[in-house]
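Student: The structure is given below, and queries will be raised subsequently.
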Amino acid sequence: MSTGSRSLPGRGTVSRRGLLRVGGGVVAATALPSLLTACGGGGSGGKVRIVGVADEQKPITQLLAAYRKSHPDFKASTSFAPTDDVQTVVRTQLAGGNAPDIHVLYPGSGSAMSMVELAKAGLLADLSDMAWTKTIPKSFDAAYRRDGKTYLYSAGSSIIGAIYNKKVFADAGVKPPTTWSELLDVCATLKAKGIIPIALGAQTPWVTQLITYALVPNAVYAKDPTFDDEMAAGRATFADSGWADAMGKYLDLQKRGFFNDHPDGTTYEQQTSMVATGKAAMAVQVSSVLSVFRAAAKNPDDLSMFPFPGGDDPAQLWIPAGIVVGLGVSARAKNATKARQFIEFLGTQENLNAWTTAVSAIPLQRDSTTKLDPALSEFLPIIDADRAVPFMDQRWPNAEVQPAHFAAVQDLLAGKTDVKGALTQMDKAYGKKS
Amino acid sequence: MKAPRIAGTRLGRRDPTVPPWLFVVPALVVYAFVVLYPSIAGVVYAFTDWSGIGSFSFVGLDNFHTLLHDDRALASVGNTLLLTVAIVVVQNAIGLLLALGVNTNIRSKALLRVVFFAPAVVSPVMVAFLWKYVYNPENGAGLNGILGAVGLGGLRQDWLGNPSLTLWSVAGMVVWQYAGYSMVIFLAGLQGVPAELHEAARIDGAGAWQRFRYVTWPLLAPALTINLMLSTIGGLKLFDQVYAATDGGPGTSSETLSTVLYKEAFVYGKFGYSTAVALVLALFVAAVSLIQLRYLRAREVTA
């Protein structure tokens, strides 16, 4: 540098011109954000911008390809991110008035990207005039609708039940239980044969909630179907409700030694592998991860599901069935018409079937063209008898109750709190304003 | 290095070895625009109830008042401090030992330097993900498997599931990743220690320990300053590893200030409160760093 600069002729001019150039750079940099907003806002030549969560990649990609066959001029850009990133990225874009045309939307309330939260802020387009919305059963209102208007597209529901290894069950000479006491017997038999009855990966936070969710429908909603309204009105609490029975049963399973050792230190991946390899007999899980369990098994057909029995009358078994994560259209979508047409297309029976098949869920409506995974067949009569309850968090008033539930279960499993303490924590979080 | 004399003559009589301040202006403008302005503008939100979307109203010092009564946030301060102390002490002690080791004439020292430094270039999230396998609580797997194989089965632990151990498991992971980073900085310091000083000390009859204590150690002070500062700041704002490895669990036993402020903003949608927590964290880190820098600078010597 030193020799070079000495031999440069007329350095003063060069440096001034250089400075000017730098100055120009700064101007360009200042102009850049507005430019980016202009592009991101959707002025990008009528391209419909879709941002989904990772679980939606398979159905969206598949259905987009199908849509292009009938609409060859339809242009879309898609991006998919894990749940946490979606919450940060899409929310930031919404805050910046730079929303994608179509974006991931969680049913009901209870999360930062949920239908109620965003509809409250006026960020969602009303989809009520679409034909498919007329088929949404009244019982799903809280998931899809706010003040009578439909804001969410979701293809159907996934259920929570026991994913089990059929070969392990057969080798141990046991059958899927249909009552709570049968479940305890089956677990005892399995344990006596040296098999972990129930694999639990509670190190992964979302896994902690599944057993409570599987038990609460019988413990709470079977007796009091309006429990959510009671909670909202402040007339009920977790601590003084059937939640205490459900949590007590959860803890009972641990006390009897029916879980693997150290569930709080075991991850979802380890849980999956335990059941897939036959080290454990079952795991309480969402139907949408059945394919993950199958992929980890030597023989995928060994894995199936049965309703996790929370009660003692097989004819009166209630189960949790949550509307799967879906899509919303932004209230300020630049390509609103095209975006709505695509959602309309997703609402046809054929495409509800395609979407739910891709994520092992049960479509909103079924007809003769619906082909369900046989593993889900045992759940259908329960759903058709209206004994399915949405996932509990979909009616919670703020985004803090669910993480409080995770922490409460982990503390419970670690012996750091008791059922009452755990539920009091959840009541405290429920009482916070959103 | 020779000075750029022509610049000096053109801009007037000044010390020719010092480049004019004008040169920093372009960088400063960009930095101010991209970092300083948004950061300072963001502080405003600490005094609002903004949810991240929509309108907000000013709530004065409410957020700070809430923070003082927020058990989870306060517990996370304790966790953050414990983690920081553990990481600063262990990471630098191991880093120093590694540096002393690879600064000798052992064979394959170049290879060893690469091996020890390698973890530092891996993304922290990946490291956390891999260590979840190392920390598998099963007897035959990961670290527990190794302990069993070498006859230390009694030391097997539920690394990430035992609430009183989780924090230390996370610290172990961070130390594993960054001890090599400290090593490189110490190594640079060691190579700046003149050989003749060691030679003189040896002639005076100083043993290995004395030569380290009275020659190497004082001259390593600048490297120590950098290492302590970097690891302290890194520890106080530790996020990725905790978030990816435990998400603050089991329960809330490994929450740090950074995971709390992340959750408040992006999970609970309380940007106002989260900004207040972030502001407190930033002031805290700045204060600790300044005190540390003053103290450590004062004890530096030159050869």
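Heads up, residue numbers simply count up from 1 along the chain you see.
Every residue gets a Cβ built from N, Cα and C, even glycine.
Just so you know, TrEMBL annotations never went through curation; they're auto-generated.
A quick note: this is a predicted structure, and the numbers were derived from the prediction, not measured.
TrEMBL lists these features:
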TRANSMEM  B:21-47  transmembrane segment
DOMAIN    B:77-292  domain 'ABC transmembrane type-1'
TRANSMEM  B:81-102  transmembrane segment
TRANSMEM  B:114-134  transmembrane segment
TRANSMEM  B:165-193  transmembrane segment
TRANSMEM  B:214-233  transmembrane segment
TRANSMEM  B:271-291  transmembrane segment
Student: What else in the chain is close to the transmembrane segment (B:114-134), if you only count residues 6 or more beyond its ends and a Cβ gap under 8 Å?
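Tutor: Residues 98, 102, 141-143, 159-160, 173, 176-181, 183-184, 240-241, 243-245 contact the transmembrane segment (B:114-134) from elsewhere in the chain.
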Student: Are there residues at least six beyond either end of the transmembrane segment (B:81-102) with Cβ under 8 Å to its Cβ atoms? List them, or say none.
Tutor: 109, 112-113, 116, 167-168, 170-171, 174-175, 178-187, 189-190, 212, 220, 224, 227-228, 231-232, 234-236, 238, 242, 256
Student: Residue list, the transmembrane segment (B:165-193) vs rest of chain: Cβ under 8 Å, 6 or more residues beyond ends.
Tutor: 79, 82-83, 86-87, 90-92, 94-96, 98-100, 102-103, 113, 116-120, 122, 124, 127-128, 131, 135, 157-159, 215-216, 219-220, 222-224, 226-227, 230-231, 234-235, 238, 241-242, 245-246, 249-250, 253-254, 303
